[in-house]
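The structure appears right after this line, and notes come after that.
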Amino acid sequence: MGNHLTEMAPTASSFLPHFQALHVVVIGLDSAGKTSLLYRLKFKEFVQSVPTKGFNTEKIRVPLGGSRGITFQVWDVGGQEKLRPLWRSYTRRTDGLVFVVDSAETERLEEARMELHRISKASDNQGVPVLVLANKQDQPGALSAAEVEKRLAVRELAAATLTHVQGCSAVDGLGLQPGLEHLYEMILKRKKAPRSSKKRR
């Protein structure tokens, strides 16, 4: 599993006409559990993965009640320090950002905070909704979603950025469905905002 990173990455416009999917990028520090979360969503089971040295991509359909559902084209990008400069190639013009943190690895939360703020405040990502997944809630000593939100200073992100912090576990899938529902709602709200402003003119 995994592909090599390149400077050029597909954007939302290349997916929507063909798949009617929302383009979402999953990033975070190495060993946060990004790939395991991706394959929990795809296969509905826990997959022990190796560190991603490039990227993985999957199309995932999430039910929203009844027969309704939304399709996400998810890009899971490696989190090793040497790969982080390439994150922006994948987040450019994305519909939503998913930032995954290891809730039990508290000594790296400051590093995670710095990377979260750096990528979300990049000029290409201004206003892009951010879902923070506080992963590994199944592990002893894992911080709660509220504590992770505080440690990452999520509320200090730009006022125009919609955010949500969701506790989750790739092992049992806890929290993933409500997290993605929140992400979809934030993306929808952002897409509707320009239309509303035009109507008021």
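Each residue, glycine too, has its Cβ placed from N, Cα and C.
Residues or ranges marked as GTP binding site in Swiss-Prot: 28-35, 76-80, 135-138. Long-range Cβ proximity for Q137 (GTP binding site), meaning a same-chain Cβ under 8 A and a gap of 6 or more residues, is found for S103, G167, C168, S169, L174, G175.
Per Swiss-Prot, the feature N-myristoyl glycine maps to G2.
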CB within-chain contacts under 8 A for G28 (GTP binding site), separation at least 6: K34, G79, F99, V100, V101, A112, E115
In three-state DSSP terms, the structure that V77 (GTP binding site) belongs to: strand
Largest tally of Cβ atoms lying within 10 Å of a Cβ, found at which of the binding-site residues S31, K34, V77, Q80: K34
